[in-house]
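Down below is the structure, laid out as structure tokens.
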Amino acid sequence: LGTDIISPPVCGNELLEVGEECDCGTPENCQNECCDAATCKLKSGSECGHGDCCEQCKFTKSGTECRASMSECDPAEHCTGQSSECPADVGHK
């Protein structure tokens, strides 16, 4: 029997929780132009609100480098154009 406390998501607590597209804090404190702080949803026309592959509320174009190569065994990662997150870091042996 687990003792974990599960609480419903709270919009405005700056934690991205289930059902939220963004959470930038209270409407008075929100600094994210892509996020509607009152609803924790992206504003109309926004594709994203944060991430290495998100610029001005839009996904960065496909092929844009988001993580530099660290060595010949660690190629650079590039944005997909379909997500605000940089793909997982992949290394070659």
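Any Cβ shown, glycine's included, is placed from N, Cα and C.
Residues annotated as Ca(2+) 1 binding site in Swiss-Prot, with similarity to another entry given as evidence: V10, N13, L15, E17, E20, D23. As annotated by Swiss-Prot, Ca(2+) 2 binding site applies to D74, P75, E77, D89, V90, with the evidence given as similarity to another entry. Residues annotated as disulfide bond in Swiss-Prot: C11-C40, C22-C35, C24-C30, C34-C57, C48-C54, C53-C79, C66-C86. What Swiss-Prot lists as domain 'Disintegrin' is 8-93, and the listing cites sequence analysis. Summarising the annotation, Swiss-Prot assigns region 'Disordered' to 74-93.
Annotated features, which come from Swiss-Prot, shown on the structure.
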residue : record                : Cβ within 10 Å
E17     : Ca(2+) 1 binding site : 13
C22     : disulfide bond        : 21
C34     : disulfide bond        : 21
C35     : disulfide bond        : 24
C54     : disulfide bond        : 19
C57     : disulfide bond        : 18
P75     : Ca(2+) 2 binding site : 15
E77     : Ca(2+) 2 binding site : 18
C79     : disulfide bond        : 24
V90     : Ca(2+) 2 binding site : 10
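Reported as a whole number, the C-alpha separation between N13 (Ca(2+) 1 binding site) and C48 (disulfide bond) equals 19 Å.
Counting other CB atoms no more than 10 Å from each candidate's CB, the binding-site residues E20, D23, D74, D89 peak at D23. Ranked by how many other Cβ atoms sit within 10 Å of their Cβ, the recorded positions L15, C24 place L15 at the bottom. Summarised by DSSP class, the composition of the region 'Disordered' (74-93) is 0 helix, 3 strand, 17 coil. Comparing the recorded positions V10, C30, C40, C48, C86 on other C-beta atoms within 10 angstroms of each C-beta gives the minimum for V10.
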